[in-house]
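So that you can see what the record holds, here are the features copied from Swiss-Prot:
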- 377, 380, 383, 426: [4Fe-4S] cluster 1 binding site (BINDING)
- 387, 416, 419, 422: [4Fe-4S] cluster 2 binding site (BINDING)
- 369-397: domain '4Fe-4S ferredoxin-type 1' (DOMAIN)
- 407-436: domain '4Fe-4S ferredoxin-type 2' (DOMAIN)
- 630-682: region 'Disordered' (REGION)
């Protein structure tokens, strides 16, 4: 009894909520064996036939290719595509592909040569001696993807499963009406399918392997049981026919009773699912060394004279397959890629067969029925009762129609598997799946835009942070440079510290003065004189710096000198015409003489700092020196011939002496700055200087006599 209960629990199956039972219409195509289709003249191979980015091209126009030769390189999640036959690459250009909107994707166009030559094939019959990583890499590089309709790269899926997979499920349900590709494949190639399952099991090492198949496929069930007769590691589970029991989440629940969490994957609960066609492709890739270049496609519908299942090369135009099956189109003929519930209408018949193409349905007008007009939702809740994902399709319909993306996301529109059960039972003929597909596409576009905005914001904030760091570092460097004293300041600080230490040392030593002697203040006096000399030197340095910063214009200096000479002549005339009884204040005369000397010194300094390119003409300087000497002689004669009682004005004498000294200094500087080839006679200059000194001495003596 215990064994009976254990066996019952082991073979237990669960049932999911919702689902429908549409007419199966499978007998049109599942009664004939698989057959080959003649090669087309031209093949169009899209670079992207899977979920993920397209691979990198490794062929160019004009190249000769063989069947199975890679057309792209598969790196990361990029899955390569291979040439379906031998021929020549005639173009690499965008071409409309299997998409409801007939979007153009980059494709390789090959003209077949009719020979259908393979590349050298290297099969791994002893695959059990290979490592897990080698097998996964081979499956990936041979272009194997999920052939059940999703198109997810099989190698990536196996790699992501890792060691946490406890249950491997092989999906053989094939629940959608009209489609019999997997059914016929299991009938004709059951042994190869089981061998592919064993390869997957060798890679994943699961605890149990389950094959889920609906009870409407008796021939396939018989063939699998015959192959698995001596196997105890693979369990065949026959489940009731119900749509959509072939969905990944639905079949997982039917066989294990586990539900995939919202927003999660089946691997999160230790389950990995593969399609029957995928298992067969894995066997051919690993054991036979053949990349995926063809797949089983169901050709069905009353508009096809010879329905059945064929081996269709990837890239074959749909028109070629239909014509080979006796396609008899009617007016406004519709061709559906996929099933009647989850498929889509082809915009034209030149689109190619890709890896996810499992059925081409060409229904007649009787099968389609009269077109029904879309009406308003009556909120009957029939769609909610039929939904296998436990969603509220009527609410999602209103949210999708009203562009309420947040509410649609809150109501888990992402969990919709687009099975079409809600649209099938809707009495108002509302194409709910179309609304849901459009809404999910808009939400995906919004999220992509938000992602780009977030990345742009992150880049901007990183840039701002970098600028702030650079600014802070720059301010810190400036602050450190400002705090650090300069070399001159260091010397001054060191000298001050030395003086302080010296004073402290002197203060600690007692000063002893003997009786009758004066204290020795020579050190203090010398220090005071040194400080005064240092102050004068600093003052002179500062004055030179200021004068160098504001160099006087030589022409302006000459004008000022002329004005000074004019003022001196005017002063002489006024003094000569003054009344004899008017007495001049000697202190005022001394002040004026000092002012004249200061102006003369300033004039000398400005001339010394004048620009070198504006040198004074040495001939002009010599003329002025001669004029000065003549004036000095004339002054001597006047003084000698003057009457004894005539009193000489001391102010005039002082001014003349100052002017004479200024002229003498100016003459010396002009001679020093003159060009080498125009040097003035040094003897003449010495004579002029001596005359000037004599005149100054005479003026001083005369001043003393007058004061007496």
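All residue numbers here begin at 1 and follow the chain in the order shown.
Note that Cβ sites are derived from N, Cα and C of the backbone, with glycine treated the same way.
Annotated features taken from Swiss-Prot, shown on the structure.
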residue : record                          : DSSP (3 states)
377     : [4Fe-4S] cluster 1 binding site : coil
383     : [4Fe-4S] cluster 1 binding site : helix
416     : [4Fe-4S] cluster 2 binding site : coil
422     : [4Fe-4S] cluster 2 binding site : helix
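Summary: among the binding-site residues (377, 380), the fewest other C-beta atoms within 10 A of the C-beta are counted at 380. Nearest to residue 383 ([4Fe-4S] cluster 1 binding site) in space, judged by Cα atoms and limited to the binding-site residues 416, 419, 422, is 422. Of all Cβ atoms in the shown protein chains, 30 besides its own fall within 10 Å of the Cβ of residue 422 ([4Fe-4S] cluster 2 binding site).
Calculated from their C-alpha atoms, the gap between residue 416 ([4Fe-4S] cluster 2 binding site) and residue 380 ([4Fe-4S] cluster 1 binding site) amounts to 20 Å. The [4Fe-4S] cluster 1 site, placed at the center of the C-beta atoms of 377, 380, 383, 426, has further neighbours from the same chain whose C-beta lies within 8 angstroms: 378, 379, 381, 382, 393, 394, 397, 422, 425, 427, 428, 430, 432. For the binding-site residues 387, 416, counting C-beta atoms within 10 A of each C-beta gives the highest total at 387. Looking only at the binding-site residues 377, 380, 426, the one with its C-alpha closest to residue 387 ([4Fe-4S] cluster 2 binding site) is 426.
Within 8 Å of the Cβ centroid of the [4Fe-4S] cluster 2 site, not counting the listed residues 387, 416, 419, 422, the chain contributes 18, 383, 386, 388, 389, 391, 393, 417, 418, 420, 421, 432, 433, 436.
By the criterion of other Cβ atoms within 10 Å of the residue's own Cβ, the least surrounded of the binding-site residues 383, 419, 426 is 426. For residue 377 ([4Fe-4S] cluster 1 binding site) paired with residue 422 ([4Fe-4S] cluster 2 binding site), the C-alpha to C-alpha distance reads 12 Å.
In this structure the C-alpha atoms belonging to residue 419 ([4Fe-4S] cluster 2 binding site) and residue 426 ([4Fe-4S] cluster 1 binding site) are separated by 13 Å.
On the 0 to 100 pLDDT scale, the model's mean across the domain '4Fe-4S ferredoxin-type 1' (369-397) is 92.
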